[in-house]
Amino acid sequence: MVSIEGRFNDASNFRIAIVVARFNDLITNKLLSGCIDCLQRHGVDTSESSPQLDIIWVPGSMELPLICQSLASKGKYQVLITLGAVIRGDTPHFEVVINESSKGIASVARENGIPIIYGVLTTDTMQQALERAGIKSNLGWNYALQALEMASLMKALR
C-alpha cells in the first residue's frame, strides 16, 4: 500500500497567489494577515519584493473565480488561496454569492489541475466573521496551511 500526503516543511519553491475580496475588508484583511503569517513561518518569502507570493485584490467574492481562472491559466502558480467574507443579510443575495463563487472556484481548480483553497467565510453575522478572522482564531492561517499541504501533495503526485 502506498500512502501519499502533503508536507509543510519545504515551501521554498512554491509560487503562491492570494486573491482577496475587498468587500468586508475588516474581515479579509485579518484573514490575509493570518495567511501571510503562516506562510512566512513555513519558509515562504513574504517580503514586498517576493518572487514567491503575489496578492491580488478584487472587489468582492463574485469576482474570485474569474481572477483565479486568469491566474491558473498562466501556469505560474502551484496553488491559489481565495479570501473573502460573505455575511448573510435580509435578501437572497448571500446564497447567490456563495453558491456562484464556490462553484466557480471549484470549476477552475478542476479544469486547470491546480489547488485553489476556498477561504471565503460564510457567516450569519459580523460577530461570527470576526471570531473566525482573529478574535477566537484566524482561519487565514488554516487556509495557508491547506495551501502548502495541497501544493506539496500535487508535487508528490506528479
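Any Cβ shown, glycine's included, is placed from N, Cα and C.
What you see is a predicted model, and the numbers here were worked out from it, not measured in a lab.
Residues or ranges marked as active site, proton donor by Swiss-Prot on the basis of sequence analysis: His93. Sequence-distant neighbours of His93 (active site, proton donor) (same chain, 6+ apart, CB under 8 A from its CB) do not exist here.
Marked as 5-amino-6-(D-ribitylamino)uracil binding site by Swiss-Prot: Phe23, Ser61, Met62, Glu63, Ala85, Val86, Ile87, Tyr118. Other C-beta atoms found within 10 angstroms of the C-beta of Met62 (5-amino-6-(D-ribitylamino)uracil binding site) number 19, with every protein chain shown included.
Sequence annotations record features per position, and here Swiss-Prot assigns (2S)-2-hydroxy-3-oxobutyl phosphate binding site to Asp90, Thr91, Arg132. Using a 10 Å radius centred on the Cβ of Arg132 ((2S)-2-hydroxy-3-oxobutyl phosphate binding site) and all shown protein chains, the other Cβ atoms total 22. In the three-state DSSP classification, Arg132 ((2S)-2-hydroxy-3-oxobutyl phosphate binding site) falls within a helix.
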Checklist outcome for this item: Rounded Cα distance in angstrom between Ile87 (5-amino-6-(D-ribitylamino)uracil binding site) and Arg132 ((2S)-2-hydroxy-3-oxobutyl phosphate binding site) is 12
Checklist entry - Helix, strand or coil: which one is Ser61 (5-amino-6-(D-ribitylamino)uracil binding site) in, per DSSP? => result helix
Item to check | Other CB atoms, at most 10 A from the CB of Thr91 ((2S)-2-hydroxy-3-oxobutyl phosphate binding site) | outcome: 8
Next on the checklist: Cα-Cα, whole number of Å: Tyr118 (5-amino-6-(D-ribitylamino)uracil binding site) versus Thr91 ((2S)-2-hydroxy-3-oxobutyl phosphate binding site)?
Outcome noted: 23
Item to check | Rounded inter-Cα distance in Å - Asp90 ((2S)-2-hydroxy-3-oxobutyl phosphate binding site), Met62 (5-amino-6-(D-ribitylamino)uracil binding site) | outcome: 18
Checklist outcome for this item: Filtered by Cβ under 8 Å and at least 6 apart in sequence, the residues in the chain of Val86 (5-amino-6-(D-ribitylamino)uracil binding site) near it are Asn24, Ser61, Phe94, Val97, Ile98, Ser101, Val120, Leu121, Thr122, Thr123
